[in-house]
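Structure, as structure tokens:
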Amino acid sequence: MTQPSSARIRCVVFNAALGPLDYKVPAHLDVQPGHVVICPLGPRQILGVVWEADRLPEADVPEAKLRPILGVLPVPPLGAPLRRLIEWCADYYLAPLASVARMALSSTAALQGGSTVTEYRLSGRAPESLPKGRLTPQRAQAMDLLIDQQATIRELAEIAEVSQAVLRGMVTAGLLEAVTVDADRAYPRADPHHAQPALSDAQGAVAARLVAAVKARAFQPFLLDGVTGSGKTETYSEAIAAALEEGRQVLVLLPEIALTQSFLSRFEQRFGSPPVSWHSALKSSERRRAWRAVAQGRAQVVVGARSALFLPFANLGLIVVDEAHEISFKQDDGVRYNARDVAVMRARFEGVPVVLASATPALESLQMAASGRYERLVLPSRFGGAQLPTIRIVDLREDVPERGRWLAPSLVEGLHERLGRGEQSLLFLNRRGFAPLTLCRTCGHRFQCPNCSAWLVEHRLSHRLACHHCGHEVPTPNTCPECGEPDCLVACGPGVERIADEVAQILPEARVALVTSDTLTSAAKAAQFVEQAENKAIDVIVGTQLVTKGFHFPDLTLVGVVDADMGLEGGDLRAAERTYQQVAQVAGRAGRGEKPGEVLIQTRHPEAPVIAALASGDRDAFYEAETEARREAHAPPFGRWAAIIVSSEDEAEARDAARAIGGCAPRLPDVMILGPAPAPLSLLRGRYRYRLLINARRTSEVQKVIRGWLAPLRFPQGVRVAVDIDPYSFV
Ligand SMILES: Nc1ncnc2c1ncn2[C@@H]1O[C@H](COP(=O)(O)OP(=O)(O)OP(=O)(O)O)[C@@H](O)[C@H]1O
Ligand SMILES: [Zn+2]
């Protein structure tokens, strides 16, 4: 008998340079779209996902030349809604289908089948008991750094900062022991009724609407627009409870791992057990366990970073995007997508509601609500009668800080008062390190990154100068590398470390906590900070944007914004909006308990519209003015932006490629093309960068235009051309 023609399948294989490939299915295998299969490719093997053939371009290989697939991996097939999402992302963000599909198969361990994983930990045997007795320095270091750790050899090697070979040697020597872990052990069940709070009337009304949408099992986007401290979490938790009761899964996206910790404990209080978390710092066994539990429908609620959007949920019933305005939902390398927008698309393909929660929604989201495409739900006041804080502008031109200091006398007085009353204060400055620029007093030499067009930032705690773009670091020198003069380096401008120093001088008795991504480096440290702040073991918090959102400390009554003008400098499209959001969010940390809060905003431009709007609390007026400005500029959401970034290690090569692209730019009435020009960050990680900006009318098919424009062009090997649709970063 001849094989039926259905035995021919089309696969998206995991090589971004290859298009879809056709294979045949051996008679003993049953293969459906979504199955992950092993495909032969020349002498090698490659993974692929089986796709509906008619949705992909033809691969015209004659039947007789087809090679059979080698096997089907023991995981459930990727569902049709996820396949449609992958197609949509590839199409919208101009990314190879293979690159997007790969994001859905983000745990290689999960694909392997088998039910156990081998991990290693210190065996507890003392090295002296071993035949050879003494430890090499590397083994000694591993013995130190691996206390209380258990993971694969590869992960332990990273933690211990030694090679895998060293650790394998330690296994043989009996210093490390193998532990067999059940890879699919169940997660504790969440109980929708565990500790259901009594909701306020406003919360109740919003929750009822969300619960109804969950039960309706249909696509419905919501904008949950509630002031800081209004209890958005409590409210959408009712929708989560409803989904759990219906036996369906929930995905909650958070913008930062640092926020996850406090979310996990709140969730546990509400539902009796923690949700499943998903982020880049998970161990491979944890990833595997989570991925499989999601795919098999056993994971009830997943809280994660943006990559969780591509998990293969078996039975999704609800998506929540908390702090939905956050720009960290935008991914700026690899597949450049916006997780907020992709979340809405996933909900659409899955046919479920999606909740975008924020106290300071993005203008794009407000506009979607205004046009009726999103349903807007409002929580207008804080929970439990707490008042929004009063806001005062500190004009730095009149209320001048002492020489060499950054805090104005009125803010200093506020800090004194709070400390006297046993209340907490928070100082916000969105700049890590001690000082953003270091120069030599004698010769004027400025410390610059060798790989990037950026200054090195001094980190005094770690005695280093660091580039915040590429991670390049050098120990802070004692002498100027240019003129050789000793002790001549001057720190210019403030970072949070410098503000913390200043607080220590002003209030020597205060307990100061520095909160940045340099200090909250792990979930444990984040948890420790939250605990200390809650137990009032901290008087003054000095932090970057990491402390602006999510935290709830009832005794925090003063917030000082050290430099409200910083975000407005160099102003891109969203500078004013971003400043508004950051300041409003950090202001929202004040007075969340019974005691009223006060916010002092330091500025040199009290007349700037965004500062005036913050002072008067007139959010609507601010958004209206911004909306009009965007409309005039044909900026999102009224027009579209896209960027083409051309880079190479060779400057001339990058420039020539950018010019070649510019030279064949399409001329269309509804598309305007700017550039090419050197990017503001013209050197990044050793690559020279040029960019073109595309501003298009809402109605134009900008992706199609760019695709047609770039497709015929060929560039030298070293040139990279990246397209950023709806860019957030203009550097
Ligand atoms: N119905 C309720 N019953 C008891 N406590 C509540 C209720 N609603 C809110 N709260 C409490 O009020 C505080 C503020 O709520 P929550 O943190 O959810 O606000 P939010 O809207 O997410 O604020 P933000 O946007 O500032 O993060 C929390 O401590 C929360 O536990
Ligand atoms: Zn750099």
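Cβ from N, Cα, C; glycine included.
TrEMBL entries are annotated by machine, without manual review.
Features reported for this protein in TrEMBL:
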BINDING   CYS440, CYS443, CYS480, CYS483  Zn(2+) 1 binding site
BINDING   CYS449, CYS452, CYS467, CYS470  Zn(2+) 2 binding site
DOMAIN    213-379  domain 'Helicase ATP-binding'
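The most densely surrounded of the binding-site residues CYS440, CYS443, CYS449, CYS467 is CYS449 (count of other Cβ atoms within 10 A of its Cβ). Between the alpha carbons (Cα) of CYS470 (Zn(2+) 2 binding site) and CYS483 (Zn(2+) 1 binding site) lies a span of roughly 26 Å. Ligand 2 lies within reach of none of the binding-site residues CYS440, CYS443, CYS480, CYS483, judged by a C-beta closer than 6 angstroms to any of its atoms. According to DSSP, CYS440 (Zn(2+) 1 binding site) sits within a strand segment. Other than the site residues CYS440, CYS443, CYS480, CYS483, same-chain residues with C-beta atoms no more than 8 angstroms from the centre of those residues' C-beta atoms, the Zn(2+) 1 site, are ARG441, THR442, GLY444, HIS445, PRO481, GLU482, GLY484, GLU485, CYS488. The Zn(2+) 2 site is defined by CYS449, CYS452, CYS467, CYS470, and by the 8 Å test on Cβ atoms against their centroid, the other residues of the chain that qualify are PRO450, ASN451, ALA454, LEU456, HIS468, HIS469, GLY471, HIS472, LEU684, ARG685.
Nearest in space to CYS483 (Zn(2+) 1 binding site), taking C-alpha to C-alpha distance over the binding-site residues CYS449, CYS452, CYS467, is CYS449.
Between the CA atoms of CYS443 (Zn(2+) 1 binding site) and CYS452 (Zn(2+) 2 binding site) there is a gap of 22 Å, rounded to the nearest whole number. Spatially, by CA atoms, the binding-site residues CYS449, CYS452, CYS467 include one closest to CYS440 (Zn(2+) 1 binding site), and that is CYS449.
In sequence order, CYS440, THR442, CYS443, HIS445, CYS488, LEU489 are the residues of the chain that are 6 or more apart from CYS480 (Zn(2+) 1 binding site) and have a CB within less than 8 Å of its CB. Long-range neighbours of CYS452 (Zn(2+) 2 binding site) (same chain, six or more residues apart, CB within less than 8 Å of its CB): CYS467, HIS469, CYS470, HIS472, LEU681, LEU683, LEU684, ARG685. Taking the domain 'Helicase ATP-binding' (213-379) as a whole, pLDDT averages 94 in the prediction. In three-state terms derived from DSSP, CYS467 (Zn(2+) 2 binding site) belongs to neither a helical nor a strand segment and is classed as coil. Between the listed binding-site residues, namely CYS470, CYS483, the fewest other CB atoms within 10 angstroms of a CB are found at CYS483.
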